[in-house]
Ligand SMILES: [Ca+2]
Ligand SMILES: [Ca+2]
Ligand SMILES: [Ca+2]
Ligand SMILES: [Ca+2]
Ligand SMILES: [Ca+2]
Ligand SMILES: [Ca+2]
Ligand SMILES: [Ca+2]
Ligand SMILES: [Ca+2]
Ligand SMILES: [Ca+2]
Ligand SMILES: [Ca+2]
Ligand SMILES: [Ca+2]
Ligand SMILES: [Ca+2]
């Protein structure tokens, strides 16, 4: 008698022979080779100003991939032959965040250097991780332009609380890693920022699109204008996606939610326009706290963001 | 002294003499006569591939009717004189689903035959119930066309898990009950289907409108085109409404939720365009799991779908 | 050694020296002077027909102000130098609602008389509080016009249950306090009203905009038309905002939720158009039940409504 | 073909031919005859000092009866041939509580008079309902003794908030309906009462057993001593069961929960000792708020209290 | 530069070099060798009479093992050198339960035959899985005695709903697999059973200990008496642990909860007395539904049950 | 007309003139004088190994005081004339924990020095705060003995993650602040510790009472023995109460819950025995995470612990 009905705990409960689930194209790194697309988890959220469980997001986003298939019905693209290397998570120190940021930067830089063609999707974590992550990209991929989706500038001073999820872009600019003119912020919202930081941004050449701009100009024009300009000035473009750019009705699972934000389709459209540009070669997804979400709705959007990103890259390379 | 303040437990806590609640026009079947409109509960959800409490939906949808009135203020239609016969629920076998499907088919067919003029609204249950339900309609009402609102094809093979909520339309086509050309699917979504099943649909003449189509063409044009064609080819049109066609922000209470779906007003508009056609004579509402919903939001939409359907039928018969 | 790190319990956990939180411009009334803008809590929700915890809304709305800043990035307005006087809450009697309504009316009237320039934002409570509140405004500010955002007329008879959250505008009209022609209702919804009350409204000259009107005409035209007419006929305009005018997906924290409602951006736009008119001088926010909300989403919208109202008033006075 | 698989919506989903569910012995009153045991719902909780949804308890307790069978395995008693008349709910006025209390008193008195042998189990509602309920018992059944299970005295003055859930026994004593010496309070808890009310109780001859007494003396001795004394002085004994006598770990669904309370088995034992006495002829169950409970745990205990009460009465009459 | 901070996603976030977590002694089966102790997941709960997510329990129990260490401080036993083979889960058919039961029986029998020394702990699933599981034990380990912890007999007829979670011990007796005299039921509860099934049990020689017996005799005496008798009559003893034997306050995560049950310490004591007997060589843990639990409390108890079982076995073999 | 019905937002909604609520005896520090009893909030929980919202506990415990009165009915003690000084919260640095610990130690030491007679109850925070807190006590009050209620030793090494909530007693011993022989740990639990740390404790003279000891010896004997010994060796005794010493059924709101713990009455008894000793002069309450609690049950127990502590101190000084 056989034991053919035994499966490893954790494997899919039901398998339809005609369906490929999105998690099936993700394979744990073997320590040697890596695909052109990769995942890196960065479970750090103790650097958040407010209470945050964003450190659980890498696991929840990965899990949500198993709720979706590889097939983009509208474009007729099936990702099932694609391979995404999952480099796993970078371990964070329990109490020493400088150490944690060093691990983030050095690990990502090392991976980018070892695997010149891989485009990592970095799963935060709070927005504080974008500082070491973008620093690593700069080191490995040259001059970087950043498209930041966010309700907030994240240009706070570091005196009042150290490097936190409110300071990554300030740190990048202050440290000379990112030129303010190469930072484009999309989705800024009323009553979610303060005048001194808007002024700091303007003074440093940061391009700012508020939600009113998104509603009036449309996401397509904003992205195309941004890509046109940035692509002439930088070597590579990095997407930094703070999930709180979305309206609370669409993404309830972020620490700093509110009304007046983007709907999820607009975000997905924006990601697609971006991903279809060859210089866009990395992305982080941050500020997603699964412990306060409802039915993993916010992680589900993150999974769709990743899959749409991959589809556009596949279309680009056809 | 009188006992005038006693009321049956379960009756309304407060009665406004100028208001008719929607549940008041629904009356339990007396075993004899039936109105032109009727409800049939089909509490089967163990045939779902994933864990589902959709078997609780008939009760929750009925209960939500008591939260709304009979008055359509925009069209000035009051349903208060209408009668809806509630045939009750079809009892499901605890463990034998073939038996359960037989009960569904034979009971609905019998009711359709006994009451030639009744338009049943069938409250699932998971989507698996549409197979016996539509089979019953075919038997009793002639050649059937189906408008399916759904994020998914539901055209899976039955080898991998038997007849489930993923297979109803496959079963209907394979069994020759439904001509693929008489099946119109609206709201299909990326990463929620697989290429082989899309191909199966196309090869069998199924009409497929994705969410991009809905956004670009508009629900009105899609419905009108569909009705124009179908109405010439079939005797009767059946709406199969999988609530997961809605975006997760609007209908969180479905097992298979995700972003990029329809908003609730678009769905209601679509139902109205459909109901205003005389050949549309039945509907099922499926994949609504009240145990994972928030504040019965999804059941509330279902109640509005039913009431809007009735209003359009009343307008048609004026 | 100093004790410089002690702070009062309840004070902000983290202070960024470049950020002013919205709650910081709100100061408890000193018993003497009042600002041009003020808050009054009216924690009465036992007069609701259905179970309601709207009495907790004054506290939750105030708390949500601390989640947002004073800076309106889109208009470049910073409210940080503004002062809002918080008059506190009016204490409600545990079981005597006539007494509670008397307290509401006399307290608000007294405040309006003592502080001729203050524009109070009244935090309910259920909609029943608008009856004494608007009565007080009429007494203190002259002939009043009312813009009511609501899914419901609130024109019920008082025989069936006394004065409740279903009767405020009926009471105001019946008592001769408000001329029906000076009442404009925006956002009325299907299956949420009854024909006799719509007729009552029409017969008394109430202007009624349904949600279909909102979708077809746009909120801007509705508000501008309303202001044009009302401003010629009344001395002052009062906004009565029932949060259930919003769709359940945007504002799940109201007792009477449903689909087909307004999205939050449209409401905020409407409030802005209104607040930019000099005759608009008061507002209540009602039917917000924090005990059934998700992540205070509905209170967050209320906080944004207040802040947008203030910004428009500041723009008006520049 | 038959329609044998149709059942009324709301009827049991599964029927085991060898099992009688507890709800099956409960039959709605036919307006004429009544059994020796009966249920009366009193859905009033707006008289609570704090926010309370205890008005939903009659429905939730009735529903929980359907989760249990009629069979007491330990005593070998099956209640399946017993009949319990459900008189339904007394309708409450939306805003006039004096009217509501009058309805409670007159309806219960009338039922007690019409049906001399019925022992009603009254399902509150908040504890305020015990005032009219016990008044009705006094009118119909003679001199009444009361065994009150409660963490609190409920002897508050009525000046500070009118008659509420904190005042029923004060009102009964002040109105001369109940002699303080015929009131026995069991389960009083630290930090849940105030000295003036304890003094009031002592001064009026109320017998007070704290939770320390319960732990040290045991529930059996307390009940037997109480019955021995009371039964010589009164005509009938009434149990007033405030569910908050239970520890929060056992009964989380009460508005005023806390540690240091009774466990559920001790309460059930106490009820059994009481019910086995022939003079015990009525009971109310109050302060159970299903909206804040977890998995209806507190309603489940209430259902077990009722069933144990019935079993002891059956044993008594064998 | 090294990549030493990368870890596989899913691995422990923090490692204390002096602590061994309980999950670390569990290793996935390599397809070849097995330890003396093993886990087998049986994620079947669609055979439940009521809605059940017990199919999620194998995953939640395994996960909870990672919340505890291997060290039994009271006995000074450290399990860290023990190995537990995790055979994984047996895949269940989506809709064919006869097939699923066949898979359970044949897989477990095969494993028991291949690994004569392994003591499997079987993680259900609903109680229906005990029928094929005990059948497999009978086939592989000889005459079996069963100690069942349960509020319910589970001796229902199979005519009314087929083989379900209410029928396993009936099926075992009816099929001649288990002699009724070798079945000992502990924890039976009032209003949770029906007289005909108690009679069936008695008539077939089943030993029945109610919760009153547990309270009066103590768990130690019950277990010792049971072991003394059973061990002389059977070859091996199997523990069937239905988590609903526990009181709802201790184990809220079971479908059929109620008051009057066992506390968790008593259960753990009982398991320890059993495990310390050499003939006890297998156990199932069933009716644990993580989807309705609070903070995985019920899965945590299951994890402790497993660890205590292992400790006693280690003590036995010292 | 007066404004007598206005109250400050946040003040009690209802006031009974015969009741003093426990929060009414707590008054915010005026910067000058302090009572013999005081509260200090220490909202630090980012030093936890696992995700923790214990930083919210100071606020939730304070809030729960308003749910209880000052009257201990069993001992006839009313605390209403007592005064408790609330020193407020110590502000924590967002990202620098060494700085935060310095603030804790220096602030508490300063307060203890300024107010020689005050007995502070320190509201954590995670258990990491006991390191600086006890250090401050040592500095200000002489040789300290510690009674630790805890499921865990908290004697972890600091190499693996720095100073965390797992290391406070290790740090105190290693730094020579606390003599291991002056540390008594009560409530240690199986599978919640590791052998090396138990050995470390034993080697350093720590007294260890497991939960089995608590069940077998009783809390009274344990406390009396402990006090007898400790009081001869130290100048002052400090209670460190980790709420996870309680069983998960009683205190679900701790990060590290499990079965087999203490019930809440036993804990309260233990606290009373301790508080009645004159050398006991301080306490911390830690590891209470209100964000994962149910109905603030765990904070309610903390409030009762505080009130019982005060009652015993009052009895001592009578
Ligand atoms: Ca950000
Ligand atoms: Ca942000
Ligand atoms: Ca479907
Ligand atoms: Ca679907
Ligand atoms: Ca209203
Ligand atoms: Ca309304
Ligand atoms: Ca009471
Ligand atoms: Ca009470
Ligand atoms: Ca069972
Ligand atoms: Ca059971
Ligand atoms: Ca600890
Ligand atoms: Ca601990």
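Even glycines carry a Cβ here, placed using N, Cα and C.
Note: TrEMBL annotation is automatic and uncurated.
For B:127, B:150, B:152, B:154, B:242, B:244, the entry in TrEMBL reads Mn(2+) binding site.
There are 29 other CB atoms within 10 A of the CB of residue B:244 (Mn(2+) binding site), with all protein chains counted.
Counting every protein chain shown, the Cβ of residue B:154 (Mn(2+) binding site) has 28 other Cβ atoms within 10 Å.
Residue B:242 (Mn(2+) binding site) falls within a strand segment according to DSSP. Taking Cβ-Cβ distances under 8 Å and a sequence gap of 6 or more within the same chain, the neighbours of residue B:242 (Mn(2+) binding site) are B:127, B:148, B:149, B:150, B:151, B:152, B:154, B:254, B:286, B:287. Figure note: comparing Cβ neighbours within 10 Å for the binding-site residues B:127, B:152, the maximum is reached by B:127. Under 8 angstroms separates no C-beta among the binding-site residues B:127, B:154, B:242, B:244 from a C-beta of chain E. In this structure, residue B:127 (Mn(2+) binding site) is part of a helix by DSSP.
In the three-state DSSP reading, residue B:150 (Mn(2+) binding site) counts as coil. Apart from the site residues B:127, B:150, B:152, B:154, B:242, B:244, the chain places the Cβ of B:148, B:151, B:153, B:165, B:245, B:256, B:286, B:287 no farther than 8 Å from the centroid of the site's Cβ atoms, the recorded Mn(2+) location. Of all Cβ atoms in the protein chains displayed, 25 besides its own lie within 10 Å of the Cβ of residue B:150 (Mn(2+) binding site). Taken in sequence order, the binding-site residues B:127, B:150, B:152, B:154, B:242, B:244 that lie near ligand 5, meaning a CB under 6 Å from one of its atoms, form an empty set.
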